[in-house]
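A.B. asks: Okay, so TrEMBL annotates it like this:
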TRANSMEM  12-36  transmembrane segment
DOMAIN    14-176  domain 'Major facilitator superfamily (MFS) profile'
TRANSMEM  48-68  transmembrane segment
TRANSMEM  80-99  transmembrane segment
TRANSMEM  105-126  transmembrane segment
TRANSMEM  138-161  transmembrane segment
Amino acid sequence: MSDVRLASPQGRWILLTTVLGSGMAMLDSTVVNVALPRIGRDLDADLAALQWTVNAYMVTLAGLIPLGGALGDRFGRRRVFVVGVVWFATASLLCGLAPDAGTLIAARALQGVGGALLTPGSLALIQASFHPEDRGRAVGLWSGFGGIGAAVGPFLGGWLVDGPGWRWVFLINVPV
């Protein structure tokens, strides 16, 4: 499968899906920070709970990425990537519907698990799919768009918190 060219429709589709998948994980690493004051007020959460809202996601994401890669090697990159995207979107829905801080923290940890499945899977799909001459450029575009997702997070978070509300910081991931 490593003969796909980046300029082909199939190559653009592979890049788009992997960027959208991993972009959700990168975006969620920063978007929630802007929403924390409003989350704390609405859920009557103390500072420790707000810190765990961030940390539960980051710790599970970082800690489980090697496992996500190993699962992709064992059960198939595409399959683990798709499971990761669905898992992440479902956990995002749980975050958006969380009635209290404890539920939000647990859902954020689940989000991290989904991110740990989809992030290495997305890069592995690029590695396995693209022609060797296009692979470096595809990885560069994947990395660049992931960085843009992380950079856009605070701006998008501020807009969502001031507009439809903090829950939409999480609910934006559900349709993807």
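Cβ coordinates come from backbone N, Cα and C, glycine included.
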A.B. asks: Looking at the transmembrane segment (48-68) and the transmembrane segment (138-161), are there 3+ C-beta pairs under 8 A, with each pair at least 6 apart in sequence?
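C.D. replies: No, the transmembrane segment (48-68) does not contact the transmembrane segment (138-161).
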A.B. asks: Taking residues 6+ outside the transmembrane segment (12-36), which of them lie with a CB under 8 Å of any CB in it?
C.D. replies: 4, 6, 50, 53-54, 57-58, 61, 81, 84-85, 88-89, 92, 108, 111, 114-115, 118-119, 121-123, 125-126, 129-130, 138, 141-142, 145-154, 156-158, 160-161, 166, 169-170, 173, 176
A.B. asks: Under an 8 Å Cβ to Cβ limit, what residues of the same chain, 6 or more beyond the ends of the transmembrane segment (105-126), are close to it?
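C.D. replies: Beyond its ends, the transmembrane segment (105-126) has Cβ neighbours at 14-15, 17-19, 21-22, 24-25, 28, 32, 49, 52-54, 56-69, 71-73, 77-78, 80-81, 83-92, 94-95, 98, 135, 138-139, 142.
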